[in-house]
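Taken straight from Swiss-Prot:
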- 71-76: motif 'PP-loop motif' (MOTIF)
- 146, 149, 237: [4Fe-4S] cluster binding site (BINDING)
């Protein structure tokens, strides 16, 4: 599916009706938000991009209740705020359950997320599972914890989603996450694959949704800073993601600096695949391709 140019463009034109809906106040959690024109423009851009992703990938199809993963980072806080705002406007007909999985990392501030989620009035669940000890035991010295830690977290979130009667797990991955994953697979895995905006889990009973797929990380960072979310650092365990992802992030930043707009172009390319111009015979029947007699 080809991504609409408008879905990624800051100057997207929207209908007068939708503009009126976005201008009609905001969820109470935005009560202390900046009143500047620039922030209002940023907020509406992110709301439009989330709505576009919901529509493009049919994320609302069959959905009744979502488990929203909240780690305490800028991305998941922003995702939850935008979803709550859309729901408040009557544009998101699903129930939201925010969930944080405390994985037993050292110095994790246990009060921050419960206090914040309680203050904004969202149904939430905080669960403690000491996966950190498992990761420390299994991962060789000097290696990063992130991959195994992520897999253990995902498995627990699936379980919690089922226990909460949710039909989808909603995560805060954004445009840069998707592009970095694509190039990691491209350079290191020898395959064309990325992080899909919508995925059915292996068991076939839960969807994994990424409504921030079109949103730029820089926009999310500005939004989170303006909203003054109580950010919890992601390096409490002392382990950071490997050099591969950092290298991809640096490469993409350099390309965007030298050729502004290339990240959006790359993202559109992921939705405009021409199988006959690639080399995978499983995607295109090259064997039967021959000139007319």
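For all residues, glycine too, the Cβ spot is worked out from N, Cα and C.
For the motif 'PP-loop motif' (71-76), the model's average pLDDT works out to 95. Sequence-distant contacts of the motif 'PP-loop motif' (71-76) (same chain, six or more residues past either end, CB-CB distance under 8 Å): 100, 112-113, 171-174, 212, 217, 220-221, 224-225, 229-232, 234. Assigned with DSSP, the residues of the motif 'PP-loop motif' (71-76) fall into helix, strand and coil as follows: 3 helix, 0 strand, 3 coil.
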